[in-house]
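Undergrad: Quick one: this structure, given as structure tokens, is what I'll be asking you about.
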Amino acid sequence: MDRGLSTSTRIDDEGLRERNVASQSTSTLSPEALTATGDVELKDKTGKDCKTFGRTPDGTVFTVPQTHDMVSQLLSPSEPKNLSDVIVLAILGAHILLLWQLPTGAKVPVFAIIYLFWRAAYNAGIGWLLHNQSHHKTLVRWAEKTKVFVNPATGKNPHPNVYNFFKRELETKIPHDYSFDEAPIEYNTWLVFRRLVDLILMCDFVSYCLFAIACSHHPVNESVLMTVLRWSAGIVLVLFNLWVKLDAHRVVKDFAWYWGDFFYLIDQELTFDGVFEMAPHPMYSVGYAGYYGISLMAASYKVLFISIIAHAAQFAFLVLVENPHIDKTYNPPPSRKRSAEQETGSVSSRTADSPIAPTPIDEQIPHAPTFSSSPPQSVHELLGLHNLDLYRITDTSSVLIQFLVFALTVLTPSTPWYQFLFVANAAVWRLWFSIGVGYMLHRQSNHKAWTRHFVKYGETPQEAWNQWKGTYHLSMIMCYASFIAAVWKMYNFPADWGYGLVLLRHVLGAGLISLQIWTSVSIYESLGEFGWFYGDFFFDGSSKLTYNGIYRFLNNPERVLGLAGVWGAVLITSSGAITFLALLSHILSLAFIQFIERPHMQKLYGQSLRQDAGLVKSLKKSLPPTLRQLHGSVDKIFDESFEFIEEIIETARPKLANGVNTFVKDTTALFQSYPARVTISRIDEDLAGYDSRDYSLEVEGTDSSSLAEHDQSTGREGANARMPLDRRGDLKNLVFEYGAPIRVKWTAPLNHSKKDWIGLYKVTDNTSREVTRVSSQGRWIAVNEGAYDNLTCEKGIVKSDVVIKATQQQDGDKRDLATGEVIFSGDKLFWTQGVFEFRYHHNAKHNVMAISRPFEIRIGRYEEEDDHELTQASVEKSLLPVIRSCFDRDPEIAPEAVDEPFGSLVERDGKFAKRVVFAVHQMFGVEFAPGVVQADGTVRNLAWRVCNAKRVLAPYSMSRNGASTPTERKE
């Protein structure tokens, strides 16, 4: 329902992202993308509404008739009514009657259960349907299989009564521009789906309101003023919520309100305004303000907590269902550039300024640093637990420092003296994080002081950048760790949670902390590591400014939302000392933005800076002219105040500089002196009449190179075992390439079940030859199309049910058989080495009818060569087919030549890089992180890195066959 995209949207005509993201690739949505999400309002030149045209996945174009929102359809007397409306209204009336009939003590628990049921039906039920529709077109396939939309006159519809019911219901609701028989099946399916949505959403809202009524009461000893304030705030929030919903529906219309783009797309020009300029995902963020307003009016913590649960479930729905569909539908990776399409600069990028491919001078002088003004590729990022690397001094220091702070906080008493020390420590670190770090960035912006220091000692700008990231990271960690320690010392556990506003303060405080965490994550997702660490202070980035993510709505989210958690701590502790720290933090953060960030942005981008963000513009539009003038006057006062402060600082700067220089010299001299999953196997009972001899599987694949066979005789065997293998037959071992597609030919009786399927398993996973007892984990393909309600299991079907006449069979059998072919590739393969088999299963169950010959997937170990140039070329030659297989041989991802760049999907989906590093490790004995593959970008760069790594590791290798990572080598 919340179809206003808030991330990865490019707004080129408005300029700024308050910190430029030079090294991060930005996904750009086409107008069709925003159109399809429903942020549209099509008008002709005269301002009148025009017809809307829809487009189904198969390219069918149709007229989308005008429809109305659910409330109007149900309650407006001017709208036509049908049986489904009566059913919905009857169910809503039953809810109200139940509240009236239940005894007082049962109302709250009963309606809590009812509301949670409808909320689960919304987020889990509708979410499951939409997820499957997005990935497998399940709802449309159900309609196709049941043929409920096929005219019974054709004789193909086994459910004529259902057809007549749907036809009457839908044509009653849409009297103009709609014909049930002529509309595409996707559109009819969507119309039926939205009737289900109407029922669930209306029951969800009504049951919530009834639950709030059941819980509502007047608090004991509450003053009249507090009651008036509570109800006034609640009413304001509800009215604001109502405006958000109405304005959102005005913008997105019914198409996006009912998730129409899961079924079809519409062709329209777009407008992007209203509530979608105010907040990301307004339907799911600020669109739930009314829940908290109702909680205030009900004066019930039960209503508040169930509102929080509902809000959290809605965000889970957004993250798990809507966002993946948006990315898949509207953010496809850009097409990969071929070698012929690349510019000369791209082809010759591996020159002296490349950290990957060395020049001959670099070969002669191995320690000569390379200098580049371009931002470095981020391979080993700092932020996030998943990037924690204890081999890195920055991460080790961070962990040790946090452990030390935690230990001191827990082990010391909470006496006034220790409380003062911890608060003072937090204040000092906040001063350092804002003023100290700000001073260094100011010097870097104006004089490149930080970079000059490292260049002075022969280091590269990249080294200066890495050291800066470590310094900033440690400063940030100490700032917040010391603040948390001070909060811990000042916090007193409540003796009575029901006293006064204690519980409310904790709930609001936790909410503000969560808001700051979400804001920080959103900022990092928008800026990337380069922007997070102020990379445009160190490298010349792009002069083009873009707004995406949270910056579409706010110029500086750090200004308010970025410190919400600090004020949450104030609410939780109710401490004057923590209030002082919060004020100090906020003032210093505002000063940092005003005196450090803004001047640098103005110097880099000048007039292209955006003055008002989306939220500010929306608020200004809603203000009367007099208040707009007042807003301008206030802005002028603030600007003049900041200019006055800047003049004072400029006057005092020489004295401060002398003092700082003396302090630095003295300090320098001083330092120089000192789950388990359960799988249930379903056994079919109708196997009678099927002969397993009529079933067979034949496997074909790309044979592995001869390098894989060299390990069969390693010298570790006995004398007899070293002899050539004596085969009593003409069948050789099946050894296939890693990641190469595998073709499976099957035979079965003519009357085999259309729901038969073939799965891929490790040989050691199944002890039974009759029943498969482990999950295929998605590695299966149906033998016939249309048998299952998803499309994934049909990917790989080549042909099905080709009849083999009795005279065509080689084994003398006189029965006709059916045959077919499927191809296992990509995610349907095991991306590891081992011995595997295919199993043919009967009728969507796990009864095994045939098992293929076992086959081995093996990665051949690379043989060393002495000459470096030959090694470089041969490594490239060996890597290219492996990498193509790792990239599913997709022409949009996999390179055709060693100098072609990888497709952009390699950066977005980490599985491809992980496949490559596993293969490289097995082939060459060198272990890389997946980010290395993404950063290298071509087979040639990766081959050079492999050769260089092997030369570096050669002195430490204990392998007689060449360099490898010693501790990882397994014999």
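Using the three backbone atoms N, Cα and C, a Cβ is placed for every residue, glycine included.
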Undergrad: Looking at Ser522 and Thr60, does Swiss-Prot assign them to the same side of the membrane (meaning the same named topological domain)?
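TA: Checking Swiss-Prot: the two residues are co-localised relative to the membrane.
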Undergrad: Should anything in the same chain at least six residues away from the transmembrane segment (418-441) have a Cβ under 8 Å from its Cβ atoms, list it; otherwise answer none.
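TA: 409, 412, 449-450, 471-472, 475-476, 478-479, 482-483, 485-486, 488-490, 534, 537, 577-578, 580-581, 584-585, 588-589, 591-592, 595-596, 600.
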Undergrad: Cβ pairs under 8 Å only, please: of the recorded stretches 110-130, 196-216, 224-244, 390-411, 576-596, which one is richest in them relative to the transmembrane segment (301-321)?
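TA: Looking only at 110-130, 196-216, 224-244, 390-411, 576-596, the most contacts with the transmembrane segment (301-321) come from 110-130.
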Undergrad: May I ask for the residues of the chain that lie six or more residues beyond the transmembrane segment (196-216) and have a Cβ under 8 Å from a Cβ within it?
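TA: Distant contacts of the transmembrane segment (196-216): 70, 73-74, 84, 87-88, 91-92, 95-96, 99, 107-108, 111-112, 114-115, 118-119, 121-122, 125-126, 258, 291, 294-295, 297-300, 302-303, 306, 310.
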Undergrad: Who are the chain neighbours of the topological domain 'Cytoplasmic' (217-223) in space, where the CB to CB distance is under 8 Å and they lie at least 6 residues beyond its ends?
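TA: Counting only partners 6 or more residues beyond its ends, the topological domain 'Cytoplasmic' (217-223) has Cβ contacts under 8 Å with 230, 298-300.
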Undergrad: Can you name the far-off residues of the same chain, 6+ from the ends of the topological domain 'Cytoplasmic' (412-417), with a Cβ under 8 Å from a Cβ of it?
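TA: The answer is 489.
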